[in-house]
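> A single structure is presented below for examination.
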Amino acid sequence: MSFVDGPVTVRVPASSANLGPGFDALGLAVALHDEITAEVIDDGLEVRVSGEGKDGVPLDETHLVVEAMHAAFDLMGGRPPGLRLTCVNVIPHGRGLGSSAAAIVGGIVLARAMVDGGDELLDDAAAYQLAVDLEGHPDNVAAAFFGGLTIAWIDGAAAEVERLTTDVDVTVFIPPSAVSTAKARGLLPETVPHRDAALNAGRSALLVAALTGRPHRLISATEDRIHQSYRAEAMPDSYKLLRQLRVDGVPTIISGAGPTVLAFARGVAEAAPQGWTVHELAVDADGATVVRP
Ligand code: HSE
């Protein structure tokens, strides 16, 4: 196995999982990108991080991008003697915008691009499977990897995905503090009422239709009964903004495990509470992309 000369750069998008009713299944890639660059060096590991999370992430083998790169190198046949990695982070951490999935997917796609013949040694299906195995949930991974609107599921142990095209308008409202996915998952009940499960099944089917050509259905299609309200206590301001926008007729959901609020609309930025960051974003149609060389 041999490695390409010089630095390789990968761009990977943020993503929003669940989209309301599609819990653990639907994902949407949005145009907010981390950029990661790596090159083979004679030995050792050098990790530099700027931007989001720069003071909170380890700079050793336990850095999530490095872990993903090592896992990918191992599958392709071996690690390089040394590695220099530079991460320019734009996706906020702990906000429900898929920063972990972006790190894992970005690391795998980067490692693959650094190996001669990497695309054959680790094809998209194998790379996606590895990313899902490392992340644990397929929804953000699918969107970060393939871009666009994704439906992701696990069949036995196999990670599966259908990718669809959408050009919906998106505004994200990002609160100043994080909520961990583990904490948000811990608030979910073991079981939900059958009528709530039935509502979510219907609305998530409708949401796929709404996002692929029937936008007038978005307000009904983004209704959820099985996770958002259970998590409200961990993100009361997010839940309040969600209710307020929905009452005003704006299709709005909690992004992933929260606490970011996502509206399928533009021109609603003034609803943001003080201190929150607002972005009007396009859908990212490309997913993780090698931009250099
Ligand atoms: N779908 C997950 C959750 C988040 O809501 O807990 C991302 O995998």
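Quick reminder: no glycine exception, Cβ is built from N, Cα and C everywhere.
According to TrEMBL, the ATP binding site annotation covers PRO92, HIS93, GLY94, ARG95, GLY96, LEU97, GLY98, SER99, SER100, ALA101, ALA102. Annotation comment: TrEMBL describes 64-148 as domain 'GHMP kinase N-terminal'.
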> With the ATP site defined by PRO92, HIS93, GLY94, ARG95, GLY96, LEU97, GLY98, SER99, SER100, ALA101, ALA102, which remaining residues of that chain have Cβ atoms positioned within 8 Å of the Cβ centroid?
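Counting only non-site residues, the set is ALA14, ILE91, ASN140, GLY256.
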> So if I measure Cβ to Cβ from ALA102 (ATP binding site) and keep only same-chain residues at least 6 apart in sequence, which ones fall under 8 Å?
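Spatial neighbours, sequence-distant, of ALA102 (ATP binding site): VAL12, PRO13, ALA14, SER15, ASP34, ILE91, ASN140, ALA144, ALA288.
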> Around the Cβ of GLY96 (ATP binding site), how many other Cβ atoms lie within 10 Å? Please give the count over every shown protein chain.
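Step by step: centre on the Cβ of GLY96 (ATP binding site), count other Cβ atoms within 10 Å, giving 30.
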> For the domain 'GHMP kinase N-terminal' (64-148), what are the DSSP-based totals of helix, strand and coil residues?
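Tallying H, G and I as helix, E and B as strand, the rest coil: 54 helix, 9 strand, 22 coil.
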> Take every residue in the domain 'GHMP kinase N-terminal' (64-148), average their pLDDT values, and give the whole-number result.
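When the pLDDT values over the domain 'GHMP kinase N-terminal' (64-148) are averaged, the result is 97.
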> Other Cβ atoms within 10 Å is the metric here; tell me which of the binding-site residues PRO92, GLY94, GLY98, SER100 scores highest.
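When each Cβ's neighbours within 10 Å are tallied, GLY98 leads.
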